[in-house]
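As recorded in TrEMBL:
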type	residues	note
DOMAIN	B:93-181	domain 'FMN-binding'
MOD_RES	B:164	FMN phosphoryl threonine
SIGNAL	B:1-23	signal peptide
């Protein structure tokens with residue numbers, strides 16, 4: 001059991017890392033990765049929701065009737081997302097202002113529902129926890145990687161600290177929506193090249 | 001039929017549980033969220049107006065319910081005297097409602113400071129109402145009961161160049177603030193005494 005849990009965790013970090021391998025949940029990926037701080041905040045919020053919903057759905061997998069499972073999953077996920085939203089407002093209000101609508105939108109993030117349906121509904125609690133943690137950490141890492149590239153090139157800063165000095169002309173294309181697509185595409189390409197070997 | 005009922009009950013039970021949990025969490029975080037919103041949205045403006053006060057106006061506040069309106073008044077203490085209140089009113093700017101906070105000395109009805117909070121004015125033109133300290137400084141020392149008008153309307157206030165409508169919005173908000181102040185002054189003084197005693 002312990003070995004499989006570790007395997008479930010590590011597969012989220014490389015073999016099935018979202019959004020590079022599991023190309024799901026692109027909406028927040030493209031929208032919030034303008035700065036590293038936003039990327040990490042979004043990643044942590046999504047990880048929390050993933051872990052909690054995976055655990056609860058795995059616990060309840062024999063109670064939930066098959067025919068209404070999607071509705072029940074969404075209720076569970078929406079509950080945790082609202083918890084995150086309230087807690088973030090109470091304790092990290094500036095971050096909440098920056099992430100804005102994308103926090104409530106975690107409800108419809110395909111990764112969360114996807115893991116609930118494809119994994120937690122069929123597996124035990126420990127494995128589901130490991131799966132949620134792995135996918136969540138993987139998602140956070142991807143968001144951070146994307147955000148680092150975009151923030152450094154598009155804004156000339158890393159975590160709000162200038163890295164290039166005053167003569168640097170920010171490549172502002174990178175922090176706009178098209179820059180997000182291009183950047184994500186290039187990273188997918190690199191991932192695929194590395195994966196082939 | 002029986003199966004339908006079972007599905008129905010499952011979803012209802014789930015939703016009720018989720019509603020209960022969320023209500024509980026909302027109850028716990030409500031006050032903190034309210035304070036955070038004040039701190040990050042109105043807070044900087046209030047701090048600016050109440051510069052040099054010896055208390056925290058965000059904590060030291062009154063709630064007055066007047067007809068349909070609910071007002072929050074922030075109390076400032078200067079040189080040991082709790083003689084200043086700040087509150088928010090709204091004027092009609094170029095891009096919609098503009099929130100304006102005004103600080104008033106209760107002893108002589110003099111304005112000690114004015115600041116814009118929320119607005120959707122044109123960036124770089126009307127938005128100067130918030131960012132240009134010279135514009136809001138004009139109101140300092142005037143009586144809150146004055147009829148505020150921009151110079152083009154025959155008043156005493158120099159409008160921001162290119163942003164007459166935004167400037168009018170601020171004046172409009174202050175005229176409204178004057179009316180509210182006139183009406184509520186006795187209540188405010190009474191409530192403040194109550195709070196102190």
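Backbone N, Cα and C atoms are what each Cβ position is placed from, and that goes for glycine too.
What TrEMBL says about a protein is an automatic prediction, not a curated fact.
There are 16 other Cβ atoms within 10 Å of the Cβ belonging to residue B:164 (FMN phosphoryl threonine). The DSSP breakdown of the domain 'FMN-binding' (B:93-181), given as helix, strand and coil counts, is 30 helix, 19 strand, 40 coil. Over the domain 'FMN-binding' (B:93-181) the predicted model carries a mean pLDDT of 82.
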